[in-house]
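The block underneath contains the structure these notes are about, expressed in structure tokens.
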């Protein structure tokens, strides 16, 4: 599937009453409104993050250098000198992550930019020297010569400065596909090379023929896919009866547990500017995008609360004493699921819209690895409390999204589907996102006295590290709970931790008419 858009048509004359409808076009979702009227500290080499205005998370970027590319709307703090000085490590990382980033093009453009910058500075110095000479007493002929020289220098500078701006823009454009560096312990290879961190529990043994969540949802009158398909299209659903209470229970229980760990609860905007999506490392436009873009605007629907939470502190300098900042954010999420098909994605497992609680941490660089462990532990504790059989995987290099320095996925056993399925992930993005979002902090070191008497120099700002982790993705949690807690009589037991959040309901029973 190609570009997905929500196109708002507000000036179409028709003869029938106003209504809102969802109509599919080729590679487009069109929303039309018809009306009667016209209207780490010890690993400096490995934790260096890169900024890429359109690097794709989970999907390798496919854009290439184009001198005619539009000027970027924002600039990232890419450390090109570091890339040049660590060329071999960056090259190996690109190869291990199966990225198509063009490192040679980036380095060549950077060299050209440095040389051009030197030439611009040389001409500026010459122009200043000419201006100084003009202040002295000169013969008319000499003054005329200097005037002409100054004019030529000014014209040359204008041209070179314009070229320099274009070159810097092109450098940003080409560098956008360079992914973050990778933790040295991450397995090298594809998904099959991912290493198991731990496995919890064992598959439940059933003494009766089991059903998948689609059949259970139908028999217990909990989920309606057919009506949603008529109303919205495939991969949408209605929740009904106890399933609605179960969704609310999962979210409220999750928030209550995570808040005990010092996380601040948030609800977020679910429409954000495309630039925020890009700065977080997602690709809002292009082939195989997972993002719904709103046509005619610079806005997108979010695929995860990570995006709006990451934007809260954009372009700010935080006090060291304010760190860490830990959030647990609820939002609805919207994903195109481009390229997803087959029995492995049926039912609730892969849908276009769902509810999710997402954890997000902003911290000092030396603390990000310990917070990564904290996030993973919270996830594992939550799923253990619900009695799930799951395994935690240290994902291999080729399976990492562009921002992730390291990522752990948790896969839970889904007996009705007969396999493990991913229910959460936890990523340490180091300073990849903060270099693009412009989130820094100022160390609380004592100010150093400057060269001027009595004037103190504040310590230099540093980029924070950001981390994100799924606390509860409702549809996949429902798959796990319905399939693992089904009973022979067709009922489903509610796990004990969720019962207080469901008004004391312990069992979802078949409804007899």
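Even glycines carry a Cβ here, placed using N, Cα and C.
According to TrEMBL, the protein has these features:
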- 90-162: domain 'Ubiquitin-like' (DOMAIN)
- 106-177: coiled coil (COILED)
- 304, 335, 358, 468: L-serine binding site (BINDING)
- 335, 336, 337, 351, 352, 353, 354, 422, 423, 424, 425: ATP binding site (BINDING)
- 470: site 'Important for serine binding' (SITE)
Close in space, distant in sequence - residue 470 (site 'Important for serine binding'), Cβ under 8 Å, 6 or more apart: 356, 357, 358, 359, 379, 423, 424, 425, 426
Number of other Cβ atoms within 10 Å of the Cβ of residue 354 (ATP binding site) across all protein chains: 21
For the L-serine site built from 304, 335, 358, 468, further residues of that chain with CB within 8 A of the site's CB center: 302, 303, 305, 306, 307, 333, 356, 470
Which same-chain residues, if any, lie at least 6 apart from residue 468 (L-serine binding site) yet have Cβ under 8 Å of it: 304, 306, 310, 358, 359, 360, 361, 426, 427, 429
DSSP-assigned states of the domain 'Ubiquitin-like' (90-162) in counts, ordered helix, strand, coil: 62 helix, 0 strand, 11 coil
Neighbouring C-beta atoms (10 Å sphere around the C-beta of residue 352 (ATP binding site)): 21
Among the ATP-binding set 335, 336, 337, 351, 352, 353, 354, 422, 423, 424, 425, as the record gives it, the longest Cα-Cα distance in Å: 19
Rounded inter-Cα distance in Å - residue 352 (ATP binding site), residue 335 (L-serine binding site): 5
Pairwise C-alpha maximum, in angstrom, for the residues (304, 335, 358, 468) that bind L-serine according to the record: 18
Chain-internal residues, separated by at least six, CB under 8 A from residue 335 (L-serine binding site): 290, 291, 292, 303, 352
Least surrounded among the binding-site residues, given as 337, 358, when other CB atoms within 10 Å are counted: 337
Cβ packing number for residue 425 (ATP binding site), 10 Å threshold: 22
Cβ-Cβ neighbours of residue 304 (L-serine binding site) (radius 10 Å): 24
